[in-house]
Amino acid sequence: MRRSAAPSQVQGKSFKKTRFIPPGRSNADVSKEITKMSPDPKLFQGAEQSQNDPGVCSSNPCPSEGIPREVGDGTRVDPLPPVHSASKEITESKAQEEEASSLLKYFSVVWCKASKKKHKKWEGDAILIVRGRSFTLKDLEGKDIGRGIGYKFKDLENVEEGQTLIIGGKEIEILGTISSDDFNSGKCFQHGSGSPAVPSSQAARKCFSNPFKSVCQSTQAQGKRWNDCRPRHNPCTPNALVMPRPDENHQRMFNRHCSPIVDVVIDPHLVHHLRPHQKDGIIFLYECVMGMRAVGKCGAILADEMGLGKTLQCISLIWTLQCQGPYGGKPVIKKTLIVTPGSLVNNWRKEFQKWLGSERIKIFTVDQDHKVEEFINSTFHSVLIISYEMLLRSLDQIKTIPFGLLICDEGHRLKNSSIKTTTALSSLSCEKTVILTGTPVQNDLQEFFALVDFVNPGILGSLSSYRKIYEEPIIISREPSSSKEERELGERRATELTRLTGRFILRRTQEVINKYLPPKIENVVFCRPGALQIELYRKLLRSQSVRFCLQGLLENSAHLICIGALKKLCNHPCLLFSSVKGKEFSSSCEENEERNLCQGLLSVFPAGYNPLQFSEEESGKLQVLVKLLAVIHELRPTEKVILVSNYRQTLNVLEEVCKRHGYACARLDGQTPVSQRQHIVDSFNSKYSTDFIFLLSSKAGGVGLNLIGGSHLILYDIDWNPATDIQAMSRVWRDGQKHPVHIYRLLTTGTIEEKIYQRQISKQGLSGAVVDLTRSSEHIQFSVEELKNLFTLHESSHCVTHDLLDCECTGEKGHTEDASEGPVASRQCQFGPQKSDALRPLSMSQLKQWKHFSGDHLNLPDPFLERIRENVSFFFQNITNQAPAV
């Protein structure tokens, strides 16, 4: 007996899988009647005669149903029941199935666990995907939470708003339809998509009106005060840079005292030095930190490439916000915190002094002699500049300071939300946040999410939803084996991610300032390995540790040890010798693994080998470097060289080479005191400097430094992270450079360095998919399969990277002969315009458009390359701002 007055089934009619009913009538009596009837030959004979007899009337060729008829000898026969054509029914059902399979609809729904309760308690929003005869239910994080299959096409076609369904143990109610564009772009997964509405409490808020009006106090005082609210600078003067005025929604949220709107004008002293792209950047930053671009969010990422003046744009923003405001002219902030790498603390102080002098604004830099407590007790310092390391030490004191603006220079180091630095900065109660970085996407899209979530928490949802909705479709679409549907979905998701983040991320490339800079000649130089290097490389690849790594029998640390040993060998065998000798009598587990890797290597070295008295001929890259330094010193005696490495031990070798050849050099690495670094840089940039070479550690000083005193930069080794190398190479080609810039990247041919370089290109393509999406060109993408082969020595190739390009140019000796032998079977690992119609990602170097030269090429156009060709197997060259003579 039913106890509830509720209907036994929800009005929406939950779908149930019905019993199968064959086509046609299913009346039992009719079927028996048909079975009992025996076929009469006369019946068919009469039918044939009626068809062939021209005298028979054709107006009614078939007898009517239910009317008795005579056949042959006049016998009356009962009417035949209507029999449906089986072939027609099957054809119609197949057509319906095909139509159902092509059916694809999307709905926004609410869901809860299936129950018989009359009043449902919905647990959350979801997306219903109707595909063919199946349902898929996804939550707003992109996870599948329910599936159903086997529904009728008629039921699927009639799904409408307000209907309730049961799917996978969950009851849902249809709220509305979603367009395919919104689903493919991912907009439907966004919480509160569209322009955020102003809360009713804020929209209804009015200015406080005191009901009692004093007869002694005149209202003229307040009116006079408001009349005195004038812009700090005249907005009507020529070339005045005026910030946008807040709209009505912004005024409801932030102008609680109904103050008059005042124009915010950038100081004309700064505007005089600003370039057009810098003016646009200041307006962008102002709108972001004031909450005008993303309602309720006051963060921004200035992702301009190196050399575009991010520091000057931030200084202009700070000075403006500390002096002006749109509501009654009241300053927006009082104090600013700038967090930067240790080597750039004094550089920021110099930039403030350069653009604003020492009287307009007071800057406090934290170092060993100046503590945070002094800033707390100071009444006239308004900007605190501190390194990331000192921030962690002084976090408790900094938390007590009410900063209105936080600026994180070289903010790509915040790519991991779980590290101490990111956690410490997130604990500060500072609503307005700006990240400065030239490389917003370094390795993967999760690092990009960490940066975005730091400046504007929650704007992309949770990390799990971000992975499902954006990261996975984008990465899958960039694989060479992806389907057309996957590529289209990934492209739409990347476009939507760019649109979302474009509200608070500004990215400009160096193309905007090319006209202000001298020519830049970039060269990727592939150096032939020395005989000792080849012999040691073979020995390492045959070692037990490498074989176990390839079989997956060792832990991850063993992989890193093998890679580290190969990288040391590529720089110089003496570095590997010192490492092997140092681990010979070690006892720790990690050092035992390295000792096992290097067993038998000492026997390959010459007897009595001394790493301190190394030979330049033992390393292919070192031979090229020595010749390159000699030709630069000969042809450009007044120009200087920056020599960059990732490792201090390698810098020691390079410093010894400089001493042998009598080159005066300066050095900046991790052991250089922070207080002395800016002085070393200034001395090298001075025209009175006698140093020919600047030895630079990319880890300690590869970011933010301005080394325009040198015009030749040589990157001796390569890093897994492309941002490290890009930052280091950007130290010389920037504002203030007077000479043509020459950049050389040295790689050992056929070794692990080429594989690392190829992975760098792949990672840069990922950055282009999101941040630089507006660029369009035919670019190459290396397959994952080609990049897995790290532990291989390609001795017969002049350049493995050029081989992967599938380029038919004559740069490589014998390449055209190989290409003319016949068509080669297409594989997923091959590249070129003819291989795939997919939208290829943007690469760092656009190698297809670069010039390709073999080391055996006759008459190289570059005089520097011509002199070092003896030890080089291949060149890639690209010239920016090409001039008649470089």
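Glycine residues also receive a Cβ, built from the backbone N, Cα and C atoms like all the rest.
Taken straight from Swiss-Prot:
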type     : residues                                                       : note
BINDING  : ASP304, GLU305, MET306, GLY307, LEU308, GLY309, LYS310, THR311 : ATP binding site
COMPBIAS : 1-12                                                           : compositional bias 'Polar residues'
COMPBIAS : 47-62                                                          : compositional bias 'Polar residues'
COMPBIAS : 67-76                                                          : compositional bias 'Basic and acidic residues'
COMPBIAS : 86-95                                                          : compositional bias 'Basic and acidic residues'
DOMAIN   : 291-458                                                        : domain 'Helicase ATP-binding'
DOMAIN   : 627-788                                                        : domain 'Helicase C-terminal'
REGION   : 1-95                                                           : region 'Disordered'
MOTIF    : 409-412                                                        : motif 'DEGH box'
By a three-class reduction of DSSP, GLY309 (ATP binding site) is assigned coil
I need the neighbours of the ATP site defined by ASP304, GLU305, MET306, GLY307, LEU308, GLY309, LYS310, THR311. Which other residues of that chain put their C-beta within 8 angstroms of the C-beta centroid, in sequence order? GLY438, ARG734
The motif 'DEGH box' (409-412): which same-chain residues, six or more beyond its ends, come within Cβ distance under 8 Å? 301, 311, 338-341, 344, 348, 435-440, 442, 447, 451, 454, 703-704, 723
Note the mean pLDDT of the motif 'DEGH box' (409-412), expressed as a whole number. 88
Quick check on the binding-site residues ASP304, GLU305: which one has the highest count of other Cβ atoms within 10 Å of its Cβ? ASP304
Other C-beta atoms that fall within 10 angstroms of the C-beta of LEU308 (ATP binding site): 22
Report the same-chain neighbours of GLY307 (ATP binding site): residues 6+ apart in sequence with Cβ closer than 8 Å to its Cβ, ordered by sequence. GLN510, ILE513, LEU517, SER730, TRP733, ARG734, ASP735
So if I draw a 10 Å sphere around the Cβ of THR311 (ATP binding site), how many other Cβ atoms end up inside it? 23
Which number gives the other C-beta atoms within 10 angstroms of the C-beta of GLY309 (ATP binding site), all protein chains shown included? 20
What is the three-state DSSP composition of the motif 'DEGH box' (409-412), stated as helix, strand and coil residue counts? 2 helix, 0 strand, 2 coil
